[in-house]
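Here is what TrEMBL records for this protein:
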type	residues	note
BINDING	G109, A110, F136, T279	pyridoxal 5'-phosphate binding site
BINDING	R139, S278	N(2)-acetyl-L-ornithine binding site
MOD_RES	K250	N6-(pyridoxal phosphate)lysine
Amino acid sequence: MSTINSHSIYKLESGYIMPTYSRSKIVLEKGNGVWVFDRDKNKYLDFIGGIATCPIGHSNPVLVKAVERQVGKIINTTNLFYTEPQVLLAKRLSQLSGIKSKVFFSNSGAESVEAAIKLARKFTGKTDIIATEHSFHGRTFGALSATWKPKIREPFKPLVPGFKHIKYNNSNALKGEITSKTAAFIVEPIQGEGGIAVPSNGYLKEVSDICTKRDILLIVDETQTGLGRTGKFFAYQNEGIKPDIITLAKGLAGGIPIGVTIAKSKVADAFAKGDHGSTFGGNSLSTSAANAVVDYILKNKLMDNATVVGKYFTDKLKQLTHKYSFIKQVRGKGLMVGMELFIEGKDIVEKCLRRGLLINCCTEKVLRFLPPLTVTKREVDICVGILDDVFSTI
């Protein structure tokens with residue numbers, strides 16, 4: 001395949017790829033740790049990390065070796081046969097969840113939510129799902145029905161019936177909406193696309209208790225919060241609860257597509273052969289990569305790094321609030337951090353890009369930071385320095 005310049009790539013994208021993405025005008029070619037490089041030899045500090053898909057950094061040698069080794073053996077057999085990497089990963093995730101559980105493998109966060117919805121309906125024999133305002137669970141029809149954002153819902157109505165949305169961080173709102181038809185409540189421990197919304201301490205415990213008392217399932221969507229980003233392997237573990245179903249994806253395989261639905265064994269066993277499936281789900285390549293990623297996170301104590309460097313980062317960002325009046329709030333947990341502004345953040349994201357820092361904006365006024373869990377305090381200082389420089393121009 002020939003090498004073409006950046007302008008030609010922009011033109012080809014416009015002509016041949018469906019217009020579903022707003023892209024920054026750079027062509028990324030390689031990465032190393034927390035740094036990425038474009039075709040024009042520019043270097044960028046990556047503080048969005050593929051939207052949390054690169055927890056152990058770009059081109060991590062451990063992941064590269066695991067992938068190369070598996071590609072040289074076998075990539076996918078489908079689920080007509082047994083494979084070692086798949087069962088080992090399932091066992092490990094079940095153990096890390098702290099719950100006696102079983103696993104279903106797919107290829108993305110949206111797919112993991114679809115499986116959770118089907119399983120909840122099958123196990124309970126009920127149809128309705130309660131979700132929260134400002135939630136994001138994916139763009140496939142079931143996941144989109146659980147997602148709140150009107151802008152991405154409206155063009156595709158009618159959606160799947162039986163979904164309703166209540167206020168986030170309000171356990172009383174859940175109490176008032178449960179009916180005899182309610183199968184489950186689905187919630188993010190911290191809302192990612194919803195603006196890095198961190199609920200009050202105790203919220204997850206309260207809704208967990210309500211679900212148990214009212215005999216409905218609790219589904220916790222860990223797509224963005226999982227893998228140690230908040231200081232625990234799963235964010236729900238910060239409150240000591242045990243959800244009925246957990247969804248996980250994003251960075252589990254270090255950037256290779258994978259999705260996981262983990263359910264308490266008694267719930268999981270509601271699925272019979274043929275009830276659900278995936279041609280590529282749990283393939284040998286993605287599960288080998290995931291085993292390497294989990295190994296690296298645990299052996300290198302990246303959950304501790306997320307806690308320590310995350311606090312350092314948050315403190316540094318909070319210092320900027322005293323300097324710039326357009327900053328409303330800095331919030332987050334571990335290395336899942338948001339900075340809410342009184343102004344729109346789109347231009348700030350672009351100015352940071354031109355100065356060599358990659359971040360993004362979730363909602364119009366929240367800057368989102370999801371760096372690899374390997375990030376150092378020195379790299380945090382570089383990020384904050386660029387932000388300070390950009391803010392001084394506003």
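Using N, Cα and C of the backbone, Cβ positions are placed for all residues, glycine too.
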> If you count the C-beta atoms lying within 10 Å of each candidate's C-beta, which of the binding-site residues F136, R139 ends up with the smallest number?
Replying inline: R139
> Counting only residues 6+ apart in the same chain, whose Cβ is under 8 Å from the Cβ of T279 (pyridoxal 5'-phosphate binding site)?
Replying inline: N76, T78, N79
>> I need the least crowded one of these recorded positions (G109, A110, K250, S278), counting other C-beta atoms within 10 angstroms of each C-beta.
In response: S278
>> Tell me the Cα distance separating the residue listed as 'N6-(pyridoxal phosphate)lysine' from A110 (pyridoxal 5'-phosphate binding site), rounded to the nearest angstrom.
In response: 10
> Taking just the CA atoms, what is the gap between S278 (N(2)-acetyl-L-ornithine binding site) and G109 (pyridoxal 5'-phosphate binding site) in Å?
Replying inline: 14
>> What whole-number value in Å do you get for the largest C-alpha pair distance within G109, A110, F136, T279, the residues recorded as binding pyridoxal 5'-phosphate?
In response: 25
